[in-house]
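Heads up: the structure comes next, in structure tokens.
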Amino acid sequence: MIPVAEFKQFTEQQPAFKVLKPWWDVLAEYITYAMLMIGVFGCTLQVTQDKIICLPNHTSADVVSQITCQEFTQQSSASNDSDLETTVPPPTATSSPPREMSGLRNNLDLQQYSFINQMCYETALHWYAKYFPYLVVIHTLIFIICGNFWFKFPGTSSKIEHFISILGKCFDSPWTTRALSEVSGESSQEKPNQERSIDRELSKPNFEEGSPATADLPIPDKLVAETSSASALDKKEGEQAKALFEKVKKFRHHVEEGDLLYSMYMRQTVLKVCKFVLITIYNAVLVGKIHFIVPCSVHTEDMTGYNSFCCNHTKAHLFSKLAISYLCFLGVYGLTCFYTLYWLFRRPLKEYSFRSVREETGIGDIPDVKNDFAFVLHLVDQYDSLYSKRFAVFLSEVSESRLRQLNLNHEWPADKLRQKLQHTPEGRLELHLFKLPGLPDTVFEVAEMESLKLEMVNEALIPPLVSKLVRLEELSLLNCTAKVQHASMAYLRDHLRILQVKFDDIKEIPLWIFGLRALEELHLFGWLSQDLSKNPALESLRELKSLKVLTIKSNLSKIPATVADVAGHLQKFSIHNDGTKLLTLNALKRLVLVKELELVRCELERIPHAVFSLTNLQVLDLKENTLHTIEEIISLQHCRKLSVLRLWHNQIAYIPDHIRKLKGLEELSLNRNKILVIPSQLFLCNKLRHLDLSFNEIRELPPEIGVLQLLQYLGLSGNFLEDLPTELFFCQKLKTLKLGQNRLASLSPKVGSLVCLVKLELKGNRMDMLPPEIGNCLSLKRSGLNVESLLFDTLPVDVRDKFKED
């Protein structure tokens, strides 16, 4: 007997696969079980019972067609009927006596009967009648294999198992329930929220007002920090949901590339249809070959004395009924196959739209999917559309951003953020956030913050809670794409004073920054397109009505004409061009109110003529250019308010005599050039307070230096000075004197007359000793005296002790 458990391995599969089995596949599966039971039952009967029973035919026949078994049965029936008629006479007064029946003797023993039965079973019985139950089992197993092949094939089973694993986790995830419940709650409150005032909006956790940057976001950004603890996810659940988002992204990217699942399902369905047609045809034709009486001709006269037999196929009647039942089940199975083909071709299964889910849930950014991803979702819908609805939550970027926000709030509580507060060089209390996946809502609980720096923060969204930062004046966006909501923009527009934006792509510049009407300083750092028409951000400067400082560190070939839009109030304009040659500077002429102008690393060879028309200019900085001559300096006399001139880090070989025309100069920086001689006319600029000639090739300092009675800073380090004029020490207000890395052999004792001296640099010279009079520099401390230790030790003990005490 064949146990049914032996066939378990053919039908066994993971219970989770049921989500990918539509109703027709389930029906087909149960039909195959029924057909399998028919085959197993037939095989059991075939094995356990006699297959055929034969009796010899006393009429000899050479071929099977001559054997008259059927006529024999008819004759037997007729004779029986005639005998019955003769034995049952009509009722008369008298009746004949009963006739005695006598049987035929065949003179065969049991072994001969067994031999004949086996011979006739093999030679006379039709093959369909012999192997019918086995064929049913084989065909049914093939149907089962075809129906489940894509669950076992390596190329498809891995994707299916991965999908089912993710689908189950998404269905059971607490984040799915939370997201759907929040959306359903928000949709009922959306209309009242739009009518609330800004103050009301800021106090409610479920508020969001769309802005150009966020108007298309389907899920309002709730303030996660203020949600009730009953609905809040713990940290572990948040991390699990975050991992699910990553898995869904990777799975979608992997599966949407091809259509292997769809093709495999299509092929196995077509194969089942073809096999169904073949099996139905040959079974319908051959089912009539199952006979109860089977004539048999076997040449066994020498062994048995007979060569023709009439055999009884004992299971013919039952097999014929099983065959008809099998054909009925097979017909229903075929209908499911044809319906599957109809379903496959009726609609585009390689495209799946979440339109109904978007309308029902309110999550408007759920993307439509294609190829194998779409196909498996169509199959899941046939099982239960709720799976797709809950799975769609993990396809939404807005849902992911909200989860990220929740995890951020767990990771960065307000107390932890306060520990990161630092003071900037300007004295502001700054919070620096680096490489975070978003902006925690808890940031807006740090009310004492004055400056917020966001560096490489992905998708930072500034909510209306920013109004809590009443002391916020400065915002830095370093390689950070930031979006603001309408209520946030209303607050920043009136309160933000300083903004720094560093970018790698012009698209990273948020356009909302050009609507900050209270902004006073704007600093842009990044590469702009050489074609200014492709720089739309620079076309919006006209909205910055309060802008006073504009800094651009980029690679411009010409000054944007739109800079003139802020000419009426711009006071400081800086360009750091990173070595790119600045060719066109005509736009400078319109900056009539500019007081400070910096053109750094612009590859300028001469002082631009456009500068000379800036009558309000006070500070001119041309650092790190390629200036060889400054003969045009005479034209700077038109800039009557010019007080600071920085021409440092260039290749200037000499100072022209007409520098004396710049009577108002208070600071002149010519360090890091190639100047050989200092003209005496320079010292006619008697208002100089800061003179830096360090790291040139100067060999002599003119005695006219003593004319500069207001001089407080003198830098002569890195030159070839061998001696200092006595007149230098007439500059009684000198506070900083840098003479390091020269060739000085001694220092005049008159250095003691510099009572205001705070810093004296002498390191790197050829001195053997220091004058004791250096101790008369009452303001000079040991920290301000930069000399070698051995040289310091040449001072008298009392002088050294004085410095040490200080």
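Even glycines carry a Cβ here, placed using N, Cα and C.
Predicted, not measured: the structure shown is a model, and the values here were computed from it.
Swiss-Prot lists 188-207 with the feature compositional bias 'Basic and acidic residues'.
Cys311 (disulfide bond) carries a strand DSSP state (E or B). Neighbour list (Cys311 (disulfide bond), Cβ cut-off 8 Å, at least 6 residues apart, same chain): Ile52, Ile53, Cys54, Leu55, Asn117, Cys120, Tyr121, Ala124, Leu125, Ile293, Val294, Pro295, Cys296. The annotation disulfide bond is assigned in Swiss-Prot to Cys54-Cys311 on the grounds of similarity to another entry.
Following the DSSP three-state reduction, the secondary structure of Asn57 (N-linked glycosylation site) is coil. What Swiss-Prot records for Asn57 (among others) is N-linked glycosylation site.
Per Swiss-Prot, the feature N-linked glycosylation site maps to Asn80 (among others); the stated evidence is sequence analysis.
Positions annotated as N-linked glycosylation site by Swiss-Prot, on the basis of sequence analysis: Asn312 (among others). Around the Cβ of Asn312 (N-linked glycosylation site), a 10 Å sphere holds 16 further Cβ atoms from the protein chains shown.
For 75-104 (among others), the entry in Swiss-Prot reads region 'Disordered'.
Residues or ranges marked as region 'Disordered' in Swiss-Prot: 182-217 (among others).
Here Swiss-Prot flags 569-589 as repeat 'LRR 1'. Confidence in the repeat 'LRR 1' (569-589), given as mean pLDDT, stands at 92.
The list of residues near the repeat 'LRR 2' (593-614) in space but at least 6 beyond its ends in sequence, with Cβ under 8 angstroms from a Cβ of it, reads 551, 567-582, 585-587, 620-630, 632-633, 635-636, 638-639, 641. The repeat 'LRR 2' annotation in Swiss-Prot covers 593-614.
The list of residues near the repeat 'LRR 3' (616-637) in space but at least 6 beyond its ends in sequence, with Cβ under 8 angstroms from a Cβ of it, reads 574, 592-607, 609, 643-656, 658-659, 661-662. For 616-637, the entry in Swiss-Prot reads repeat 'LRR 3'.
Long-range contacts of the repeat 'LRR 4' (641-662) within its own chain (CB-CB distance under 8 A, at least 6 residues past either end) are made by residues 595, 615-631, 633-634, 668-679, 681-682, 684-685, 687, 692. Annotated repeat 'LRR 4' per Swiss-Prot: 641-662, in sequence order.
Swiss-Prot lists 664-685 with the feature repeat 'LRR 5'. Residues 640-658, 691-702, 704-705, 707-708, 710, 715 of the same chain lie 6+ residues outside the repeat 'LRR 5' (664-685) yet bring a C-beta within less than 8 angstroms of a C-beta in it.
Residues of the same chain lying 6 or more positions beyond the ends of the repeat 'LRR 6' (687-708) and with a Cβ under 8 Å from any Cβ of it are 643, 648, 663-680, 714-731, 738. Under the heading repeat 'LRR 6', Swiss-Prot lists 687-708.
Remote same-chain partners of the repeat 'LRR 7' (710-731), defined as residues 6 or more beyond its termini with a Cβ less than 8 Å from a stretch Cβ, comprise 666, 671, 686-704, 737-745, 747-748, 750-751, 753-754, 756, 761, 764. Marked as repeat 'LRR 7' by Swiss-Prot: 710-731.
Residues 694, 709-724, 726, 760-777, 779, 786 of the same chain, all 6+ positions outside the repeat 'LRR 8' (733-754), place their C-beta atoms under 8 angstroms from a C-beta of that stretch. Among the features that Swiss-Prot reports, repeat 'LRR 8' is placed at 733-754.
Helix first, then strand, then coil: DSSP counts for the repeat 'LRR 9' (756-777) stand at 5 helix, 3 strand, 14 coil. The repeat 'LRR 9' feature in Swiss-Prot is assigned to 756-777.
Taking CA atoms as the reference points, Asn312 (N-linked glycosylation site) and Asn57 (N-linked glycosylation site) are 13 Å apart. By a simple count of nearby Cβ atoms, those within 10 Å, the most crowded of the recorded positions Cys54, Asn57 is Cys54. Ranked by Cβ pairs under 8 Å to the transmembrane segment (324-344), the stretches 23-43, 131-151, 276-296 are led by 23-43.
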